[in-house]
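Notes follow the structure.
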């Protein structure tokens with residue numbers, strides 16, 4: 001116990017400090033709006049339905065690829081709404097928050113609500129702690145915990161290679177181990193998830209839409225969703241290992257297509273979220289604009305684009321991950 005406590009004390013994150021005036025303004029944005037997320041969930045499912053319709057109405061290989069991208073992006077959107085639910089920000093009522101998340105955003109992509117919540121709590125509590133932050137462990141495994149030495153190697157390993165889907169077997173193994181066979185998941189969730197998927201699979205066989213289930217759910221689940229998720233999670237913290245909270249995460253202001261595919265539901269304001277996790281996703285942009293009044297925050301990691309920046313003087317997320325930004329920011333290693 002003493003050794004564990006000593007190890008934990010080594011990693012102490014320096015908290016960002018803002019003026020009382022800014023904090024009060026941001027805290028006013030913590031109010032939740034149930035209706036917004038009813039529409040957000042409905043919007044995602046309508047996009048999925050639209051993607052299926054396009055592929056069925058205009059059958060061609062390129063329209064099917066567009067459909068896969070649309071559906072995969074909404075699966076990533078489900079990740080983001082599950083993230084909201086883990087902070088009890090999806091709906092004010094805890095039971096509604098949990099079960100709406102389970103049935104409409106977690107179970108569809110085989111995520112365990114309870115396991116996710118516990119893992120994400122540890123991520124916030126122990127940000128960049130190599131022993132206790134699950135995300136830090138994942139970054140370290142693939143070499144994204146530190147700035148990249150070669151931009152060419154980075155582009156090959158982390159932009160092009162994910163397109164080959166070679167990381168998907170690890171995802172399948174991790175999903176089975178962490179989300180399906182989790183010992184932390186209560187029996188009520190296990191039972192609900194089992195009934196949920198047994199009903200869908202049995203219905204697809206009985207009513208004859210099992211091919212559609214494979215083509216428009218399991219294929220994007222194992223392809224486009226995995227690519228978008230890899231890139232999105234990489235953009236959040238990669239290369240920013242530090243004990244200074246203000247420089248441990250990044251915001252990524254991409255173009256509308258990048259935001260739709262990779263950062264749905266304001267996921268691109270990741271630094272804002274870590275600084276003020278009680279602010280719902282639909283208020284993160286407002287919070288960011290308020291925080292821009294602070295000089296030190298203005299010098300944090302704000303990237304204008306994922307692949308390429310089109311704003312002079314700013315970096316893309318890829319350039320930032322590769323260390324182009326580091327000389328400008330004050331960092332504590």
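Note that Cβ sites are derived from N, Cα and C of the backbone, with glycine treated the same way.
Copied from TrEMBL, the annotated features are:
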DOMAIN    59-301  domain 'Fatty acid desaturase'
TRANSMEM  35-55  transmembrane segment
TRANSMEM  61-78  transmembrane segment
TRANSMEM  99-116  transmembrane segment
TRANSMEM  195-219  transmembrane segment
Long-range environment of the transmembrane segment (195-219) - Cβ separation under 8 angstroms, sequence gap at least 6: 48, 51-52, 55, 64, 67-68, 71, 103, 107-108
Here the mean pLDDT of the domain 'Fatty acid desaturase' (59-301) is 95
